[in-house]
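Trainee: Got these off Swiss-Prot a minute ago, pasting:
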- 1-185: region 'Disordered' (REGION)
- 13-24: compositional bias 'Low complexity' (COMPBIAS)
- 70-96: compositional bias 'Low complexity' (COMPBIAS)
- 151-185: compositional bias 'Basic and acidic residues' (COMPBIAS)
- 200-299: region 'Disordered' (REGION)
- 211-251: compositional bias 'Low complexity' (COMPBIAS)
- 424-591: domain 'tr-type G' (DOMAIN)
- 433-440: region 'G1' (REGION)
- 458-462: region 'G2' (REGION)
- 479-482: region 'G3' (REGION)
- 533-536: region 'G4' (REGION)
Amino acid sequence: MTDSKDDKTLSVTGKKTLTLKPTGVNQGTVRQDMGRGRTKAVVVETRKRRPTRPEDERAGQPQGRVGDDAPATAAAAPVQTPAPVQAPAPVAAAPQAPRPAAPAQRVQQTNQYSQQRHPGQQNRPQASSQPSRQPDRPRGAVLHDLSASEMDARRRALAEAQVREVEDAKRRAEEEVRRQAEEVERQRLAALEAIRQAEEDKARALEAKNAPEPVAEPVAPVAETPRAADPAPRAPSPAGAKPAAGAPAPSFVRGRKPEGEDDENRGPARGGPVRGKVVRPEPAKVPARPKTEDERRRGKLTVTTAAVDEDGNARGRSLSAMRRRQEKFRRSQMQEPREKVMREVVLPETITIQELSQRMSERAVDVIKYLMKEGQMMKPGDVIDADLAELIATEFGHTVKRVSESDVEEGIFDVKDDAGEMVSRPPVVTIMGHVDHGKTSLLDAIRQTSVVSGEAGGITQHIGAYQVEQNGHKITFIDTPGHAAFTAMRARGAQATDIAILVVAADDSVMPQTIESIHHAKAANVPIIVAINKIDKHEANPEKVRQQLLQHEVFVESMGGEVLDVEVSAKNKLNLDKLLEAVLLQAEILDLKADPSRTAEGLVIEAQLDRGRGSVATVLVQKGTLRPGQIIVAGDQWGRVRALVNDKGGHVKEAGPAMPVEVLGLSGTPAAGDKFAVVESEARAREISEYRQRLARDKAAARQSGQRGSLEQMMSKLQDTGFKEFPLVIKADVQGSVEAIVAALDKLGTDEVRARIVHSGAGAITESDISLAEASNAAIIGFNVRANVQARAASERTGTEIRYYNIIYDLVDDVKAAMSGLLSPERRETFLGNAEILEVFNITKTGKVAGCRVVEGKVERGAGVRLVRDNVVIHEGKLKTLKRFKDEVADVPMGQECGMAFENYEDIRAGDTIECFRVEHITRTL
C-alpha cells in the first residue's frame with residue numbers, strides 16, 4: 001500500500017480500485033442564459049474552508065509548515081461533530097458575546113452549516129485500508145503561512161476590537177441611563193398636564209348651567225419600569241466548549257439592533273435556525289428627538305432658567321407669555337369670543353389702511369370689508385385722509401387722537417431762556433448798500449485784512465461773517481452782496497442782524513440797491529447807521545446823500561432825525577473808530593442779552609460743499625452755546641458737529657451767542673437762511689429731517705404738476721405759443737450764489753422762451769452732472785467752481801458744453817444772448833401796391849394769366865401776393881410771372897398794365913384785386 005503525504009495523491013491497495021479522497025470541493029453544472037434563447041453549461045465549484053484560530057497557527061509555526069510530517073501537538077484541535085442544536089432562547093435574554101470568542105463560534109457555525117448542506121458526508125464509511133493515517137493531523141485549514149508583521153497587525157486589531165467593545169458597552173449603558181431619566185421627566189410632565197387638564201375640566205363643569213357633569217378624578221399614568229442596562233460582557237469561552245443543553249445559544253450580533261423591530265421578521269439567527277416565535281416584552285417608548293427653536297421657547301421661565309435654557313441656547317418663555325398662551329389655548333377649547341380691547345388710535349394727516357389696522361390691532365381684511373360695505377373699493381396700501389380714518393376707527397369702537405406731521409418739530413425752537421443766566425452778547429451788524437459803494441473795503445479796513453482783492457470783479461458774491469474787537473467789546477459783522485441778483489442774501493442778512501450799516505458812496509448818492517437795503521432793514525425792524533463812504537474823493541458830496549435819504553424816510557441826526565451817520569473813508573481809514581463807537585452806542589441802547597447755558601439755535605448764513613471737508617455751513621449762533629459732538633438739525637439736513645471753525649480758520653471748542661462759525665459734520669448742504677437747533681438724539685434729528693425732506697418733495701411735485709397741467713394742455717400750449725426752453729445745469733461754490741443765479745435767470749424769461757433749471761447745487765461739477773446734462777440736452781454753468789478730471793473726460797466724450805464764470809454780470813449776459821437765439825424772428829410785412837384784374841387769358845404753356853392794371857403803388861416779381869374777392873382773401877402766395885407785353889419785368893409802376901400768373905393757383909376772375917407786399921424777418925433779442 002502506498003501512502004502519500006498529500007491528501008490528493010492516489011492510494012493503491014491489493015484488491016481496490018483507484019479512488020480520489022474527498023477534497024472538500026463540490027462541483028455542479030448550471031445552465032447560463034446567453035440571450036436570444038441560447039444557453040451554456042457552466043461548471044460551478046463550491047469550496048469549503050475551515051478557518052483556524054491564530055493561537056493554533058502560532059503554536060504550529062516554529063515547528064515547520066503545516067502539512068509536514070513533524071508532530072503537531074500544539075495545532076488546532078480536530079473539529080468535532082457538534083451536538084444537535086437546541087432551540088435558542090429569546091434574544092433579549094441572551095448576553096452579548098464578546099469578540100474574542102468569535103473564531104471558535106465561527107468554526108462551530110461552519111461545521112453546522114456543512115452538516116446541514118451535506119448530511120451524509122460525515123457518516124460516509126472510510127476505507128479500511130488506511131490504518132496508518134493520523135486522525136489528529138490538520139487537513140490543510142491554513143493555506144499559507146503568516147509573517148510576523150501580519151500576526152502583529154491581527155493582534156492589534158483584536159485588541160482594538162476588544163477596547164471598542166468595552167467602550168460601546170459603556171456608552172450604551174450611559175445612553176440607557178439618560179433615556180430612563182428622560183422617560184421619568186416625561187412622565188412627570190404628563191402627570192402635571194393631566195392635573196391641569198383635570199382642573200380645567202372641573203372649571204368648565206362648574207360653569208356649565210344646563211347639565212353639570214361630575215368631575216373625573218385625575219389619574220396619574222402608571223410609571224413604566226425602566227429597563228436595566230446591558231450586563232457586562234462575559235469572559236471568552238474556550239474554543240472547543242459546547243453549549244449546555246439549557247443555556248442560550250451564543251449571539252453573534254456585532255451591533256445593537258434598532259428598538260421596536262419585530263422579531264418575527266428578523267430571520268434565523270447566525271447560531272442556528274429559529275424554531276419558534278421570539279417574544280420580547282418591552283414597554284412602548286417615544287423616540288427622543290432634538291428640540292426645535294419653537295419648542296425651546298415653550299418652557300416656563302423661572303429664576304434659575306432666566307438666562308439660558310437647558311441647552312444653553314435660547315431663553316424660554318416668560319411667565320406672562322406662558323400665561324397668555326394657556327389663556328389662548330383655553331379660549332380655543334371653550335370657543336369663547338375674544339374680549340374687545342378699546343385703544344386710543346393716533347391719526348396723522350394721512351395714513352395707509354394697513355397702518356391704521358395695525359394701530360387699531362384689527363385685521364386689514366376687516367377694514368377692507370367695512371369699506372366695501374360703505375361702497376369704497378380700496379386696498380391695504382391705499383392712503384386715506386384723517387377724516388376717513390377717524391370714521392373707521394370710531395366704527396370699530398376705538399377713540400381717536402388726531403395729530404399733525406408737523407408736531408415732530410414742536411419744542412425745538414421753544415426753549416425758554418433762564419432770566420438768571422442772561423448775559424450781554426456782542427451785536428450782530430450787517431453791512432448793506434449798493435454794489436461798488438465800498439462795503440467790503442470798509443469791512444477790510446475794520447478787520448485790517450484784504451477780502452475784496454480775493455473777490456472776482458471786486459464785488460462780493462458771498463455772505464461773509466466776521467468778528468472784531470473794539471475797546472474790549474466784540475462786534476460781529478455780516479457782509480452782504482450789493483448786486484441786484486443777491487436780493488435774497490441781503491434779506492437774509494437783515495433778518496439775522498441787530499444793527500444795519502447802510503454804506504452810501506459820497507460821489508454816487510443813493511442807488512437802487514441802497515433803496516432795497518433800506519426796505520429790508522425796515523422790514524426786519526432793524527436800526528440803521530448810515531456810513532457815507534469815499535469822502536476822500538474830490539467829487540464827494542455828503543450833504544446830497546443826506547438829502548436823498550430823506551426821500552426814503554431815513555432821517556439822520558444832522559437833519560433832525562434819530563439815525564446816526566458817520567463820514568468815513570475805507571481807503572484812507574478815516575473815522576473808522578467813530579463808526580465802531582456808534583455801533584457800540586446803538587448796541588448799548590438795544591441792551592442785547594442772551595442765555596449761553598441753554599441749547600444752541602441760530603441761522604444758517606451760507607452753506608457750501610467742500611471737497612476735503614464735506615458739507616460746510618456758516619452759521620450764526622443766536623441763542624445758547626454750540627459745542628462739538630452735539631446733534632443739530634439745519635433745515636432738512638442733520639448731523640453731529642465734528643468741528644467748529646471761526647472766521648480766522650482756527651478750531652474753537654464752543655461758539656457762544658452772536659458768534660459766527662463754520663460747522664462741519666452735516667449730512668448734506670442746507671439752504672442758506674434755514675434755522676438750526678440742537679436736538680437731544682439722532683432719532684429725533686432724523687425724524688425731523690425726513691419730515692422736512694418729504695414736505696419739500698411734496699411741494700416740488702405739486703409745483704411741477706401745477707405748472708405742467710394735463711398732457712392735452714401741454715400740447716396745445718406748445719402748438720399755440722411755440723414755447724421754448726433753455727435747459728441749464730448750474731453749479732456754484734455756495735448755496736447763496738446758486739439762489740442768486742437762479743433768481744436772475746428767472747427774470748430773463750418771457751412768454752416765448754425761458755431758462756429751465758434742470759439741476760442746481762453747491763459743489764464742483766461731477767460726472768453725474770455731465771450725465772444729467774447729456775440726458776436733458778442742457779448746458780452746464782460753473783460759477784467759481786471747476787469740473788474734475790472724470791467730468792472733463794465725460795464732457796469731451798459726450799460733447800456737453802461747460803462754461804465757467806466768476807462774475808455774475810457775464811453769466812447773465814451770456815445766458816441772455818443764448819436765450820435770444822431761441823426767439824423766433826419777427827415777421828415784418830411791407831405793403832407794395834394793388835392791381836385790378838381786367839381780363840383772364842388762357843395760355844397753353846403757362847395756364848391762366850390775369851391781365852391787370854396797377855392802381856396803387858407798384859407790383860414786384862417774387863413778392864408776396866394776396867387774391868382778394870369781395871373783400872375776402874381767398875389765396876395768398878407768390879407771383880410766378882410778371883410781364884409787360886411779352887417781356888419779363890422786375891416791377892410795374894402804378895398806372896401801367898401787365899400780365900401776372902400765380903404759383904399753383906388758377907382760380908382767378910375778372911374784377912378780383914391783387915395785393916402785393918414784401919415780408920422781412922427781423923432778429924429779436926430779450
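Cβ coordinates are placed from backbone N, Cα and C, and glycine is handled just like the others.
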Trainee: Hey, which bits of the same chain come close to the region 'G4' (533-536), Cβ under 8 Å, at least six residues off its ends?
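Mentor: Contacts with the region 'G4' (533-536): 437-438, 441-442, 503-508, 542, 567-572, 574.
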Trainee: Could you tell me how many residues in the compositional bias 'Basic and acidic residues' (151-185) are helical, how many are strand and how many are coil under DSSP?
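Mentor: Tallied per class, the compositional bias 'Basic and acidic residues' (151-185) gives 35 helix, 0 strand, 0 coil.
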Trainee: What does DSSP give as the helix, strand and coil breakdown of the region 'G1' (433-440)?
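Mentor: DSSP composition of the region 'G1' (433-440): 2 helix, 1 strand, 5 coil.
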Trainee: Mind looking up the mean pLDDT for the region 'G4' (533-536) in the predicted model?
Mentor: 86
Trainee: Would you mind splitting the region 'G4' (533-536) into helix, strand and coil residue counts from DSSP?
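Mentor: Helix/strand/coil tally for the region 'G4' (533-536): 0 helix, 1 strand, 3 coil.
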